[in-house]
Amino acid sequence: MDNIIVAIDGPAGSGKSTIAKLIAKKFNFTYIDTGAMYRMITLYLLENNINFDDLKEIEKALKNINLDMQGDKFYLNDVDVSTKIREKRINENVSKVASIKIVRDNLVNLQRKISNNKNVILDGRDIGTVVFPNAKVKIFLVAAAEERARRRYNEFLEKKVEITYDEVLKSLKERDYIDSTRKESPLKKADEAIELDTTNLTIEDVINFISKKIEKVK
């Protein structure tokens with residue numbers, strides 16, 4: 001039987017990571033958090049004072065970066081950066097870094113390599129359109145901006161990050177704009193993807209819906 005690839009795309013705060021993790025656990029699939037990969041690259045560039053427009057320096061940097069993911073733990077050159085990659089400065093810059101072609105090309109290759117010969121579920125912005133256009137299940141999660149901001153704000157509160165709801169909403173809308181208008185792999189629904197509005201759905205509702213789609217292709 002062919003390996004199953006499940007692609008979950010959607011804007012920031014639509015519930016992609018939460019849902020993807022739970023689905024992976026339910027079906028014993030490998031979960032690949034592509035957003036965390038871009039966050040780790042963003043962290044490296046910021047901490048090494050590399051300008052996002054300096055493509056030569058970025059290309060050099062990519063050769064010195066080793067990413068490792070173990071469950072909810074993320075390692076950048078063997079250092080646990082799981083908390084750091086969720087900081088406000090990363091949120092404000094990750095969409096800019098994700099729009100850089102050499103960064104995208106590098107990470108798309110890595111995502112395909114990790115997924116080779118496995119049943120995987122990936123979440124991101126361009127999984128169903130660019131990374132795995134032949135994925136057997138493609139879901140595009142959406143939700144009202146205010147609801148997505150509320151979810152993100154609650155996540156920040158749990159992590160004791162000092163930020164206001166209005167700041168979260170503003171940042172999220174800015175990311176939506178950058179993600180959907182960027183030249184490289186813009187955020188858009190794949191033609192065959194099923195769009196699911198999670199604004200008024202529970203996590204269980206969403207998992208049940210996607211699970212049925214996976215069962216059909218198993």
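Just so you know, glycine gets a Cβ as well, placed from its N, Cα and C.
Lifted from Swiss-Prot, the feature list:
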type: BINDING; residues: GLY10, PRO11, ALA12, GLY13, SER14, GLY15, LYS16, SER17, THR18; note: ATP binding site
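In sequence order, ILE203 are the residues of the chain that are 6 or more apart from THR18 (ATP binding site) and have a CB within less than 8 Å of its CB. A Cβ within 8 Å of the Cβ centre of GLY10, PRO11, ALA12, GLY13, SER14, GLY15, LYS16, SER17, THR18, the residues given for ATP, is found for these other residues of the same chain: ILE19, ASP123, LEU141, ALA143, ARG148, ARG151. Over all protein chains present, the Cβ of GLY10 (ATP binding site) has 26 other Cβ atoms lying within 10 Å.
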